[in-house]
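Undergrad: One structure, as structure tokens, below. Some questions next.
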Amino acid sequence: MSEPILVVDRLAGRIAGQQVVEDVSFEVPATGVTALLGRNGVGKTSTIKSILGLIDRTGEVRLAGTRIDRLPTHRIVQRGVGYVPEDREVFGALTVAENLRLAERDARPRRELVEQLFPDLVQRRAQRAGTLSGGQQQMVSLARALVNENRILLVDEPTKGLAPKLVDEVAAALAAAAKTVPILLVEQNLHVIRKLADRVVVLSGGRVVFTGAATELLDDEDRIRRYLGVHDAADAVENTGTLEETR
Amino acid sequence: MSTLLLLVITGLGLGALYFLVASGLSLIYGLMGVLNFAHGSFLTISAFLGWEVGRRVSDGTWWGLAISALVGIAVGAIVAALTEYLLIRRLYERHIEQALVTVGLSLATVALFEGIWGTDPIYTEKPDWLGQTTEILGAKIPNDRFLLIACALLVLGGIVLFLRRTRYGLIIRAGVENRSMVTALGIDVRRSFTLVFAIGGAAAGLGGVLASVYYGYVSAHLGSTLLIFAFIVTVIGGLGSLTGAAIASVLVAVLQQFANFYLGGTGDLVVVVALAAVLLVRPRGLMGKVA
């Protein structure tokens, strides 16, 4: 197996003095999708933010063997870490085109790829991002990460709050992106995880409690119930059920 | 009719002065969340140095005034950028310390200016035309108001163009909305902090030179007097909104002129009442973001 693209070692994170990530260690392989799972509030989003330096953190983070945990956020991103935040966080007062232009940091941004993946955004270039639907805003958020050549994408709950049709569109875009770049994906929708993830890392109580192949977890109802709090696990995986809501 | 016109145009002139100070305050707060109490000091030092250089080159002429304005703009930009770089940069997200440092700087610089230039106002010369009036529909409008209005419009247009047409402008507009997300796109947003301070300082510097034309003197307290009204304008317009600052500058100054004329010199009081009313009815100001 090739060297992992991202190594997280004894990562701890704090928000306003409160410990939100305790002692997290895991690796992300250089290919495919690794899903970061866990019940609500276990620190998945905080783990992503800690990796990016968006919150105070200690511990080691290595990108392709080089430590990045002492760098400020913008330098980490410049090294090829794309970020799709929870709740999209598009700049509502800027147009779609301006949102994308702001994100372009490569000399040759991949505009054609973005236009190919999200044709709807081409027609809405001049529209203010704040007036887009939730699904369209998610497209903008994903497009901002995909417009650059990244070494890894950190994608935080991309299907949250979306209608089933849009969930499939987002999943398709992520599947296309995963062919060219490894993805660390925080996702609640087990159906999407089944579709996309090769490996899973499960957090509980601020620590990693399971690491392995996605099928190893998804085929084991008992584990799903214990780690993710899903009671009707088979139904949740086969349909579009999300963690917690299928209890 | 002529009185109304006179009050409106003199109000616009005063509003122009408020805007030159408030535009920087508003941008700085919008992007960095810094309430910069030292902003008035940028204005005062620019007014003094602009006057010092202008009078040596050609006192009381257009040429001298143009040199004063250029010096004022440069001094304001440099002093503001240095303030951000040396003092504020270490204190982002530490709002109490920021306020203490900028208030302290404001008080210390007033004492410094008094030590250098004395405590009394120093009366300045201006080109003859600026001391005259122009009659419009029976109202005799002081000519310096036209200069103030024209300069404020140029500054407003310049800042708007900068914000809309340049990459830094794009970063600033995005940063006003969500600073940490700008950083998460790989952009060193702190670089634009210094730039915004410099732009705000340049506008205040020009405001300082124009204030000396408007009032006819320079003094160590020029900045602090205008800063109070600039803060009121910034709050009424909505913290962080340049358009709001422009609209509120005009509203506050015109209201002040009318109250001074019709309500026995109560302009300042009426402005404070207007501020209280806006804070009660619409706490985010005319164009501010919802908290």
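Glycine too: its Cβ is placed from the backbone N, Cα and C atoms.
Sharing the feature lines straight out of TrEMBL:
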- B:6-27: transmembrane segment (TRANSMEM)
- B:34-51: transmembrane segment (TRANSMEM)
- B:63-87: transmembrane segment (TRANSMEM)
- B:99-117: transmembrane segment (TRANSMEM)
- B:146-163: transmembrane segment (TRANSMEM)
- B:193-215: transmembrane segment (TRANSMEM)
- B:227-254: transmembrane segment (TRANSMEM)
- B:261-281: transmembrane segment (TRANSMEM)
Undergrad: Give residue numbers and ranges for long-range contacts of the transmembrane segment (B:63-87): same chain, 6 or more residues beyond its ends, CB-CB under 8 A.
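TA: Answer is 24, 38-39, 41-43, 45-47, 49-51, 53-55, 57, 101-102, 105, 125-127, 130, 193-195, 197-206, 208-210, 212-213.
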Undergrad: What stretch of B:99-117, B:146-163, B:193-215 shows the most Cβ pairs under 8 Å to the transmembrane segment (B:227-254)?
TA: B:146-163
Undergrad: Need a quick answer: max count of Cβ pairs under 8 Å to the transmembrane segment (B:193-215), which of B:6-27, B:34-51, B:146-163, B:261-281 is it?
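TA: So the stretch in question is B:34-51.
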Undergrad: Using Cβ atoms and a strict cutoff of less than 8 Å, what residues sit near the transmembrane segment (B:34-51) while being 6 or more residues removed from its termini?
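TA: Beyond its ends, the transmembrane segment (B:34-51) has Cβ neighbours at 21, 24-25, 28, 67-69, 71-73, 75-76, 79-80, 83, 88, 92, 95, 98-99, 101-103, 105-106, 109-110, 113, 116-117, 122, 124, 200-201, 204-209, 211-212, 218-227, 230.
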